[in-house]
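Straight from TrEMBL, the features:
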| type | residues | note |
| --- | --- | --- |
| TRANSMEM | 100-127 | transmembrane segment |
| DOMAIN | 145-282 | domain 'Peptidase S54 rhomboid' |
| TRANSMEM | 147-169 | transmembrane segment |
| TRANSMEM | 181-200 | transmembrane segment |
| TRANSMEM | 212-231 | transmembrane segment |
| TRANSMEM | 243-260 | transmembrane segment |
| TRANSMEM | 266-288 | transmembrane segment |
| TRANSMEM | 295-313 | transmembrane segment |
Amino acid sequence: MRSIDTDDATVPPGPEGRELRAALPASQTDVEVFRSRGRRACQERALVLTAVGIASEVISADGRFVLQVAAGDVEQSSMHLRQYDLENSPRIDPPASQPLFAHAWMGCVAYAAWLLGVAYATANGLVSLDAFSRGELYGARVQHGQWWRAWTCLTLHLSGPHLAGNLLAGIWFGYFAGRQLGAGTAWLLIVVGAGIANLLQGLLGPPGYRSAGASTAVFTALGMMAAHTWWKGRHEPHGALRRWIPLGAGVVLLGWLGTAGRHTDLMAHLLGFGVGVLIGWASACAIIDSRVARAPQWLAGLAAMAIMALAWGF
């Protein structure tokens, strides 16, 4: 005889049911359709069968309670019991969808204003000093303490296409990051993360390294958005492979957008994406996430602009 280790079990019709019947102290016409440790579970199912006109009996056998029916009623009994179990199984509510923040466009407007404003000022000689000499990411200068270059270089671009590409990509990824985290918080984290990535590049790279452009911020936003979505969705009821899709998509976009062109600064893009992933993961953790959600968006946005203004003030 096969033992049934589960507490409650509905026995399907067929050879196994006949084998169990042979061991029961009932007549040859009685077949077990359910057993449990407690009498109540059997009695509840007996009531179900009685309601549909099927006679049944609850007996005790081998330390368990057994529900039996006539051999001719096994198929119908099993069908009704399966239906009963299905209707009374505990239901798992789907997880609440991640709330999205409104006004994400406001951060994109501020981003565009910074890039276009600096480009206009430098192109029309509105600043007395050479902006590139003062603000580009220059490894030797960073290594001698000019840390602010890690932020000022984000607003400098070498050409119109260079500016347009970073402007459009930054607005695109920044908008979705703002929907996830709020416009102010998202752009504060992007500005901080991109500056850290540039600072690492300036400190660890060769002294002659020079760079300018907002692409580091673009890939910081991409990495942050991918990691935040991945970590927030880890408890959703889908396969383990699907949970990695946001992060995998971010890596694909990094490879597609971050390696194109002869003059692409691959290391800056990798550092920006990597720092963004760490920030996105940290901001999605429960303790930090609750504080991020309560942070005033206007205050975070002002802090992001203050960092840029402070950097240019040196």
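Residue positions begin at 1 at the first shown residue.
Every residue gets a Cβ built from N, Cα and C, even glycine.
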What are the DSSP helix, strand and coil residue counts for the domain 'Peptidase S54 rhomboid' (145-282)?
103 helix, 2 strand, 33 coil
Sequence gap of 6 or more, Cβ distance under 8 Å, 3 or more pairs: do the transmembrane segment (266-288) and the transmembrane segment (243-260) meet that?
yes
In the same chain, who gets a Cβ under 8 Å from the transmembrane segment (212-231) while lying at least 6 residues past its ends?
115, 132, 135-137, 153-158, 162, 165-167, 169-170, 173-174, 176-177, 180-181, 186, 189-191, 193-194, 197-198, 201, 243-247, 249-251, 253-254, 257-258, 265, 268-281, 283-285
What parts of the chain pack near the transmembrane segment (147-169), using Cβ distances under 8 Å and only residues at least 6 beyond its ends?
111-112, 114-116, 118-119, 122, 131-132, 134-138, 141, 191, 194-196, 198-199, 202, 211-218, 257, 307-308, 310-312, 314
Cβ under 8 Å, sequence separation of at least 6 from the ends of the transmembrane segment (100-127): give me the contacting residues as numbers and ranges.
155-157, 163, 166-167, 170-171, 174-184, 186-187, 214, 297, 301, 304-305, 308
Check the domain 'Peptidase S54 rhomboid' (145-282) for me and report the mean pLDDT.
88
